[in-house]
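TrEMBL lists 239-384 with the feature domain 'GAIN-B'. Annotation source TrEMBL lists domain 'G-protein coupled receptors family 2 profile 2' at 390-683. Annotation comment: TrEMBL describes 392-411, 423-445, 494-516, 528-552, 587-611, 632-651, 657-681 as transmembrane segment.
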Amino acid sequence: EATGSVSLPCSCFNDGVCQDGTCVCPEEWVGPLCELVNFCEASIYTESIAGGILKNLTFPRIIVGRYSSSVEKCEPHTVNGNHSKAIRMCTRVGKTPILQHPQILNCHETLDSLASQVETADFSNISAIASNTQILTSTPHRLTTQSISTAANIAVNILRKPNISTDSQASTSVMATVSQLLDANETEFNHNNLSDVTASLTRTMEEFSLTSNITKSNIAIQSVPLKLNSSTILFFAQQYTELGYLLSTKLEIQENVPGLNEDLNTEVQILLNIMNNNNGRAGFVLYQNSKFFKSRIYKSHRSFSKRIVSGSIDGGRTSGVELAFSPKYNTSEFQLRDHACVFWDYDTNDWSTTGCTKGRDQFLRCKCNHTTNFAVLMTFQIKYKYAKPLEYISYIGIGLSMAGLVITMLFQIVTRKTRKSSITWMLVSLCFSMLIFNIIFISGIENRNARNYGSDTTSYEQQYHPYDATDNTLLTSDLVDPPADPWCTAVAVLLHYFLLATFMWTALNSAQLYLLLLRAMQPLPGRFIVTMSVVGWGIPAMIVAITFGVTYREGKALNYRQEEFCWLAALDENHNFSMEKPMLWSFLLPVALILLFNFIIFIDITVSVIWKDNKNLTRNKKDSFMKRVIGTTSTVVVLGITWTVGYLMLINQEETSLIFSYMFCILNCTQGLQICILYTFRSPIFKKKVSEVFLVFSMPEIPVYLHSKIYYVSKSHLAKHVKETFRPSRTVSEDVSSSTLSKC
């Protein structure tokens, strides 16, 4: 394996994990060494209610920057029965987490009742409506499409109230509500009836951004008055990665700057070029994700962060906008392949690239003629860990197996008449399917994409490209498959077929051995060879055809095969073994049934034939034992029993799995060679042929004598006499009656 750069070790506190020389902290701790507290302890707040009665509100531990709900619930008879009665937020002052005062819910209010009040509510009641709305949306994963729509409409009506920015409590509650909506389940935003509501909300947020400065976990708005001499204004944000949410101290606005900020720690920035400045104001909105901007064209399949930034000017015009994004994603799993500069077109309620160009260096850069709701759409490709080329030892082992299979087939065919008793067709079919599998495996198992992408260490954002309008096309997905490789798909299909055929022929060999050795007095069924051929080649073809037809689609070859190498798909997108992938139901399951059948026949043959005790046997016991061992080994090899070791590789224990992996490779890469040694090289006919060709070369024969009895029953012999003789034999698989084998 390739050796990566060595990172210095780090000493992390509070269960922090050192990765690549940096401490990765649990959410309760932050700091370079996870040494800073990032939570407020569990607390009890005493609430004074009517009549001077005191009531406690209990809150669990709260992470900084988040709200938590009280343990106490509304009374069951109220409309909000069993809903938390209050929420409380944990903030930070310097390095110290601080608890804010709780916000208490009116248990008799619902989102629908609040929506009916907000339009006619006077300024004095707005804060209560905003606070109750925030509490009712404080559990985002429970929000439905309807509740999101209602809460968004309430937020719009509040933000449109005159001078609402002067009511800091109401403004903060509304922004908290909007932030919570952005945490709702992605699927709830897929309904078309939300598009008009979210469009209204985002437009209202742009107007509100001209007068306020508020930052919440998923949204931030900043505003600044423009000076008469202002020609440019830059807004940029840096994420405090230890906390994972936006902080106001990391948002900044600068005027009259020459260009974009080149600081690599800046994650998103927007530069407005101002014309006709009339002492107006500039406002900016930054969304942490794109849930309010659901596209019908661009589909998201992964949780990649797609920040949206918007700039607005009141009392002036812009001659253009420049943007730069520094994308953050898991570089160990995904690689950026392309990006597009877009803005949200309210006329079509979708992304558009009109008037935008893109470029890239250390940032993903954009230039646009518009000012609002910009984003960089990105498309990623999984960083596949392509299989390394086969080692020389693999080539040697498979090469010897292929040579052995060719020799075995030629020997079985050429000496068929000489041997008279033979299992030629069955063994030749097994060797042929195994040979073709090995040829395809050694020449095509490696995916050709590995040469193009396996060593691609230069990330997309590190490549320099000038601004280009023609290349700025709207992307359709955030995740793309690697380039299609029909060759790899064809290889996977052929490997699937010939390996299944190999196992099928081991099962048919198993069935034939059973008939010949355990049912020797009965002839083989009629048209035996034709039937076996249809089964041996036809059933694997049916399995492969059904599997390919069910899983393969144009442009979705990875439903059938893997990308790392040309074989059946087995893992899901999280790299876990999937029951839905074809590896299980179209290969492992059929092979397991075949191996189980072969194992049962193997046990029967071993006990009833090979290792059956014979008290009349007078042959040397040591010689007999060795012959039985060789006979057992021959049966194991031809029935493919050694493939059961492959299932032991699935044991979830590294050392054990590694041992079985080596055993599997050694036993099965040389299976063809084993067949050649046991069924060809040890044959007396082969030894004789070799000795005729090479008179100098002589292979000593180790005869094994099988005991036989001849019974004489005649008038002159009233008693039964037994004549015991021994005759030399080859392997167990060839020691069968010539009368039954001649039919093969």
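Just so it is clear, glycine is given a Cβ too, placed from its N, Cα and C backbone atoms.
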Candidates 392-411, 423-445, 528-552, 587-611; stretch with most C-beta pairs under 8 Å toward the transmembrane segment (494-516): 423-445
Folded-back contacts onto the transmembrane segment (423-445), same chain, C-beta under 8 angstroms, at least six residues removed: 387, 390, 394-395, 398-399, 401-402, 405-406, 408-409, 412-413, 416, 487-488, 491, 494-495, 498-499, 501-502, 505-506, 508-509, 512, 516, 529, 532-533, 536-537, 565-567, 638, 671-672, 675, 679, 733-734, 741, 744
Residue distribution over DSSP helix, strand and coil in the domain 'GAIN-B' (239-384): 3 helix, 73 strand, 70 coil
